[in-house]
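Chemist: There's a structure below that I have some questions on.
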Amino acid sequence: MADNLLSEQLLQRLQDGDNKGVDTLELAAVLSVDHQQVVGAVKSLQCLGEIIEAEQRSSKKWELSSEGEEIAQVGSHEARVFQSLPKEGLLQAELMKLPFAKVGFSKAMSNKWIRLDKAAAGGPCVYRVVETIEDTVKEKLQLILKGRADDVNEKDKNELKKRKLVNEVTVKSYWVTKGSGFSTSITKQETDLTPEMIASGSWREKQFKGYNFNALGVMPECGHLHPLLKVRTQFRQIFLEMGFTEMPTNNFIESSFWNFDALFQPQQHPARDQHDTFFLQDPALATEFPMEYLERVKKVHSEGGYGSQGYKYDWSIHEAQKNILRTHTTAVSARMLYKLAHQKEFTPVKYFSIDRVFRNETLDATHLAEFHQIEGVVADRGLTLGNLMGVLKEFFHKLGITKLRFKPAYNPYTEPSMEVFSYHEGLKKWVEVGNSGLFRPELLLPMGLPGDVNVLGWGLSLERPTMIRYGIKNIRELVGHKVNLQMVYDSPICRLDAC
């Protein structure tokens, strides 16, 4: 039905209504048209001036879900289960093959329409308990379908909603009344001023449709940032606000020396196994190392030193030479701390990095072989565990995380070490959000850092907060070839506001 015909019918009803108004929902029902078509006619009339007045109203309405519509036609699952049972009964295994039996069986049992005989010959068998039933679920759904939801009490409607058979929706409609310039005759308004109108002068006698400056225009084509990049930018901004300097993280390939040995991680540690680490085939080995530093690392591993007993094993340079895809960005931190140790005079520093790391892990909904690590490092004289907790509280507060707990943990290269937990309001439980600790003397002193210098460090992944922020449950929907590009186009700006 064309908009102009609907507009004429609306005006005629106002004319015949003795100054009473017209409800667009009622008009749509009377004319058997979609409500949005009537709304379109109202909008068109509003553009003509003061012909009508329209007041927007909101009301609640109950609608059937697709499953509810099916039940309104063929009956509830429990009724169909009852009707499927012959008088002599039916094996439960056969009954459960029916598509509606999974829900219908339990409902029919709770209604005491059927019973289950587990001791029957041939296996558990289901029998009727009553001769006839009344399918009240179907009856209530049919009432709602006919627009008589008020005839169904609230308890029953909530039960139907719990079963996902109905939904309560908010419906916006208009109450239309006559305007100051009301008329039943509609003069066509021009939408374009043409060269012919100007040449002939006919534009003087024509009425032009006014511009709607509130109308939404066509969105311009532009680039879009992936949610990971948006959250990464927000994290980076937080670090910069706290006075941190970003570390260069362009080396995806690291030697095992910088990735493991320099961090006082023993060569027999399970994390260095091929089941957890990607080893390079070509070039397989690194050849350039600061040899004096390498010898000090070898000694602290095999013999101990700096107040440590070490690990007491035969340290192998061949194992340290193996090239790998870095398993953490702490390898970058190790290089930066070594560089810091060789400055003429020690100066306190605050470093951070956000970049990719690689683990040979089993892929699932929350784990990938490639992901991002966020890391913060603070080096200064006299730092303590209390300083670490203070920095962490400030950092996570800027992320909007204020409820924190710290739990003792073990890391090869930090002591003491702490896992950081935050209370998740949605899950109603404490969840791990990061790991932290003070770098061990066995890591710092071989580098050449002064003995009174302590280094705080902590890290977390980028993917987990991004998934939480954007409500993504499967990491494959965030990263990889299955990413829905529309999600990238529509994702809002990331704001990690402090509470």
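Backbone N, Cα and C atoms are what each Cβ position is placed from, and that goes for glycine too.
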Chemist: Record says Thr330, Gln373, Ile374, Glu375, Phe439 bind L-phenylalanine. Source is Swiss-Prot. Which of Tyr306, Tyr311, Tyr413 does it list for that same site?
Modeler: Tyr413
Chemist: Mind checking which of Thr330, Gln373 has the fewest other CB atoms within 10 A of its CB? They're the binding-site residues.
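Modeler: Counting other Cβ atoms within 10 Å of each of the binding-site residues Thr330, Gln373 gives the minimum at Gln373.
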Chemist: Where does Ile374 (L-phenylalanine binding site) sit in DSSP terms: helix, strand, or coil?
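Modeler: DSSP call for Ile374 (L-phenylalanine binding site): strand.
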Chemist: Taking Glu375, Glu415 as the binding-site residues to compare, which has the smallest set of other Cβ atoms within 10 Å?
Modeler: Glu415
Chemist: Can you tell which of Ile374, Tyr413, Phe439 has the most other C-beta atoms within 10 Å, given these are the binding-site residues?
Modeler: Phe439
Chemist: Cα-Cα, whole number of Å: Glu415 (Mg(2+) binding site) versus Ile374 (L-phenylalanine binding site)?
Modeler: 20
